[in-house]
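Taken verbatim from TrEMBL:
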type: TRANSMEM; residues: 200-219; note: transmembrane segment
type: TRANSMEM; residues: 270-289; note: transmembrane segment
type: TRANSMEM; residues: 335-354; note: transmembrane segment
type: TRANSMEM; residues: 361-388; note: transmembrane segment
type: TRANSMEM; residues: 394-416; note: transmembrane segment
type: TRANSMEM; residues: 437-461; note: transmembrane segment
type: TRANSMEM; residues: 467-492; note: transmembrane segment
Amino acid sequence: MVLKVFFPSCCSSAESGILIGRWISEQSSAVVLAVVHFPFIPVQVKQYLGELQRLTRVSVSVLGSWSNSKQEKEEGLSEFLEDLGTIFSHEPWIQISKEGDSKFWSCSTLQKHSDKPKEEEIILVYYDQRKVMLSHLHPPLDTADGRAEDASKLSAIFDTVARSRVLFMTDRYDEGPIKLTHWQSDGVEASIIVELLKQASVPACMLLAFLLSLVSGICRSRVLKFWPLSFLWSKLSTCEQLGHRLQHLQVISSNKKAQTQTQLMRKANIFVSLLIDVALGILLMSWLYRKNRIGHLADTLIPVADHVAEELQDLLQWLMGAPAGLKMNRALDQVLGRFFLYHIHLWISYIHLMSPFIEMILWYVGLSACLGLTVALCILSDIIALLTFHIYCFYVYGARLYCLKIYGLSSLWRLFRGKKWNVLRQRVDSCSYDLDQLFIGTLLFTILLFLLPTTALYYLVFTLLRLLVVIVQGLIHLLVDLIDSVPLYSLILRLCRSYRLAAGVKFRVLEQQDGKPLRLLMEINPLSYGAVVQTYRLPTYSCYPKDSWTSLCKKLFLGELIYPWKHKGEKQD
């Protein structure tokens with residue numbers, strides 16, 4: 001029979017005394033939780049263990065004796081430790097002794113109440129109490145009978161250490177009859193500043209929750225549901241990001257305690273993400289307002305807009321001629337070219353009309369960086385969308401005209417084959433046409449077919465310009481989603497305290513010698529960085545379209561509108 005003794009590594013230098021812990025008979029395992037030092041009164045120890053068992057719902061008992069020969073000052077201490085087995089009746093009685101500075105320990109068992117004592121092979125497993133308790137590899141603490149769900153699993157060891165938190169609150173400086181050694185025996189880990197922050201966070205969270213409830217109530221009011229405001233709220237990425245951050249503030253200011261490790265990590269990740277976002281925003285704001293960078297940016301914006309408009313005019317003049325030697329329909333080419341040139345003229349007039357107010361607008365927009373770098377990036381995306389609104393209009397006009405001709409040609413092609421589209425049944429059915437219908441269809445098909453190259457060229461050029469703007473906005477929103485979704489707290493915790501994000505355990509052989517117990521070291525195996533990101537990744541407010549290349553090419557060929565992103569609950573055209 002193999003007896004497994006789990007011994008805390010923090011007790012290896014403890015003074016001689018008795019071992020208290022839990023005996024798991026199903027596994028033939030003993031989990032040592034602490035060492036009680038001499039001198040002590042056995043009755044007081046039994047009373048303390050009874051109270052501890054009532055609080056932790058763990059069957060804590062005296063498992064055996066611990067002898068540190070380096071600490072021995074009296075003769076016959078080993079015999080006294082053996083006699084303690086008659087007072088604290090536990091079968092088997094475990095005796096662990098450390099021989100001076102030797103790295104080998106002796107571990108044996110006594111079975112006084114057995115007529116035929118069995119020879120047992122002993123495996124001594126060292127474990128770190130702090131890492132085991134904080135690794136969260138144990139089952140939920142609200143199990144029915146206070147035990148692990150399956151006692152044959154290693155999780156019973158973690159469950160025992162996790163439930164014994166009350167035991168670790170007692171240190172050697174407590175004025176009591178019992179002196180213990182465990183991972184917090186040198187003093188409970190605490191800080192006056194941390195405790196003061198905990199006390200001050202309660203009213204601060206209540207005040208923040210009240211203010212957020214007022215803001216959320218205003219946002220859900222009927223005033224914002226009217227057409228202009230609702231349209232702007234759904235289309236501007238700045239409004240979406242502010243609503244997303246408002247939800248984050250409501251989560252971290254909630255007075256509900258996190259029930260699971262995942263909820264706790266989610267709150268911590270959101271808090272760290274907000275903190276870093278605001279810090280980066282303040283750094284950006286301080287950089288913008290130094291050396292009059294806002295004024296330089298405003299002075300540069302108008303010439304850049306004029307240069308873009310001039311390049312578009314040159315492009316349209318090239319399209320109105322013979323682009324790349326192609327023979328276009330001159331009448332349609334002139335109409336489309338003048339139509340788009342008139343729009344560019346309107347756009348230049350609009351930019352010069354707004355030029356006196358651009359510096360003031362940028363000055364107030366720069367103040368929004370104090371809300372976070374993501375808000376500033378979303379404002380930049382909206383500014384790009386407004387400055388390239390004429391390109392979007394050109395793309396929509398070209399796409400609609402091209403789409404109309406494509407669907408017209410497909411419908412007339414079905415007419416030649418004696419087919420038609422059944423709207424009710426959503427399928428193609430056979431149909432008989434008379435001579436007049438076929439003649440008119442032939443004329444329309446010929447007209448649309450010869451006008452298609454001119455329309456397709458304008459559509460192709462403006463689609464490429466639109467895709468360029470979409471790529472720039474997509475990169476900005478990719479950076480915003482990166483800041484919003486990356487679990488920074490979990491990654492920092494994985495780097496500094498990897499045992500807090502445990503995936504399992506591993507055992508390492510320390511020493512193995514004939515006649516001596518096998519000594520193993522139980523180590524926490526942490527999650528990989530990829531698994532940490534995948535497990536604790538935060539949700540984002542925008543979801544990018546997951547179209548395949550085939551679907552994207554089909555939409556471009558049919559002239560359907562392509563957006564850089566779509567919001568939740570919004571369908572693409």
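Note: Cβ is positioned from N, Cα and C throughout, glycine not excepted.
Of the recorded ranges 270-289, 335-354, 361-388, 394-416, 437-461, the transmembrane segment (467-492) has the largest number of C-beta contacts under 8 angstroms with 361-388. Only residues 6 or more beyond the boundaries of the transmembrane segment (270-289), in the same chain, are considered here, and those with a CB under 8 A from a CB of the stretch are 245, 248-249, 251-252, 297, 366-367, 369-376, 483-484, 486, 488-489, 492, 538. If you look at the transmembrane segment (361-388), the same-chain residues 6 or more away from its ends with a CB under 8 A from one of its CBs are 236-238, 240-242, 245, 274, 277-278, 280-282, 284-285, 288-289, 294, 297-298, 301, 305, 469, 472-473, 476-477, 479-480, 483-484.
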